[in-house]
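Asks: Encoded as C-alpha cells, here's the structure I'll be asking about.
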C-alpha cells in the first residue's frame with residue numbers, strides 16, 4: 001500500500017532523489033492516482049535573471065537555475081511546489097544562516113527564514129486538500145536527518161500523520177560499494193521515528209551493472225523491498241513523453 005504522504009529521502013546527497021521522485025510520480029499517475037510533489041526546502045537554486053547569478057556561479061560550481069520541483073514538473077506534468085528556496089548550495093540550516101546574517105555560525109536569523117515542521121506540514125496539507133491529491137511526494141534535502149532548523153523531514157511527516165498508514169518513506173540509494181551501511185542507517189533512523197519504509201529505489205542504475213552493484217541490490221532487499229531502479233542518466237536523456245512512458249516499467253509498487 002502506498003501511503004498518502006510519502007517522504008522520498010536519500011542515503012546521502014546526489015543519489016538521484018529528484019529523478020526517482022519523478023519516476024514515482026509518473027508511475028502513480030499512470031495508475032490513475034492524483035499526485036503532487038513538495039520540496040520543503042530547496043537550496044542552491046537561483047533564478048536565471050538573479051542579479052547575483054554571475055557572482056554565485058563563480059563561487060559555487062553546483063548552483064542550479066532549475067529547481068528539483070521544476071524538474072519533476074517538467075518530466076511528469078504534475079503539480080509541484082517548494083516551501084522555501086535558498087540560493088546557496090549548502091545544507092538548509094547553514095544556507096539559511098548565511099542568507100540571513102552572512103555567517104554560518106550565527107544562530108540568530110535562520111529561524112526567521114526557515115519554517116517550523118508544523119508550518120511545513122500545514123502548507124503541504126492545505127495544497128493536498130485543494131488539489132484533492134491521492135498522494136503527496138515530499139522530497140527531502142539530502143538524508144533523512146538533515147537539519148531543517150531544529151527539525152527534520154521526519155518531523156514534518158509526524159505533523160502530517162493522522163494515523164500510522166497515512167505516512168511512509170521511500171529510500172533512494174546508490175548501488176555502489178558503501179551503500180549497504182548508508183541504507184541500513186537510513187532505515188533505522190526512519191524506524192526509530194515510527195515511519196515505515198515502503199521500499200528502496202536505486203537512484204542511478206548502471207547498464208551493464210557491475211557485480212558489486214548487482215550484489216548490493218540483492219542485499220538491500222533485506223532492509224526493505226526493492227521497488228526498482230532508475231536507469232542512469234534517464235532524467236537528462238529522456239524527454240517528458242519518453243520519461244512518463246518508460247518510468248512505470250522501472251518500478252513495481254506495492255498496490
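Positions of Cβ are set from backbone N, Cα and C atoms, glycine also.
Quick caveat, the model's predicted, so the values are computed rather than measured.
Quick paste of what TrEMBL says about this protein:
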type     : residues                                                 : note
ACT_SITE : 39                                                       : active site
BINDING  : 14, 15, 16, 17, 18, 19, 68, 139, 140, 141, 142, 203, 204 : ATP binding site
BINDING  : 18, 68, 139                                              : Mg(2+) binding site
BINDING  : 43                                                       : substrate binding site
Asks: Among the binding-site residues 68, 139, which residue has the fewest other Cβ atoms within 10 Å of its own Cβ?
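Replies: Comparing Cβ neighbours within 10 Å for the binding-site residues 68, 139, 68 has the fewest.
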Asks: Relative to the Cα of residue 16 (ATP binding site), which of the recorded positions 39, 43, 139 has the closest Cα?
Replies: 139
Asks: Would you list the other residues of this chain near Mg(2+) - those whose C-beta lies within 8 angstroms of the C-beta centroid of 18, 68, 139 - in sequence order?
Replies: 8, 17, 21, 22, 37, 39, 67, 69, 71, 72
Asks: Looking at the recorded positions 39, 43, 139, which has the shortest Cα distance to residue 18 (ATP binding site)?
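Replies: For residue 18 (ATP binding site), the closest Cα among 39, 43, 139 is found at 139.
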Asks: Once the chains shown are all counted, how many other Cβ atoms turn up within 10 Å of the Cβ of residue 204 (ATP binding site)?
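Replies: There are 21 such Cβ atoms around residue 204 (ATP binding site).
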Asks: Taking the Cβ of residue 18 (ATP binding site) as centre, how many other Cβ atoms lie within 10 Å?
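Replies: Total other Cβ atoms inside 10 Å, all chains included: 24.
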Asks: Counting Cβ neighbours within 10 Å across all chains shown, tell me which of the binding-site residues 14, 16, 140, 142 comes out on top.
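Replies: Going through 14, 16, 140, 142 one by one, the largest Cβ count within 10 Å is at 140.
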Asks: Within its own chain, what residues at least 6 apart in sequence put their Cβ under 8 Å from the Cβ of the residue listed as 'active site', listed in sequence order?
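Replies: Residues satisfying the criterion: 67, 68, 69, 80, 81, 82, 83, 138, 139, 141.
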Asks: Taking 14, 15, 16, 17, 18, 19, 68, 139, 140, 141, 142, 203, 204 as the record's ATP-binding set, what's the max Cα pairwise distance in Å, rounded to a whole number?
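Replies: Value for the max Cα separation, rounded to a whole number: 17 Å.
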Asks: Within 10 angstroms of the C-beta of residue 43 (substrate binding site), what count of other C-beta atoms is obtained when all protein chains are considered?
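Replies: Excluding its own Cβ, the number within 10 Å is 27.
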Asks: How long is the line from the C-alpha of residue 204 (ATP binding site) to the C-alpha of residue 43 (substrate binding site), rounded to the nearest angstrom?
Replies: 21
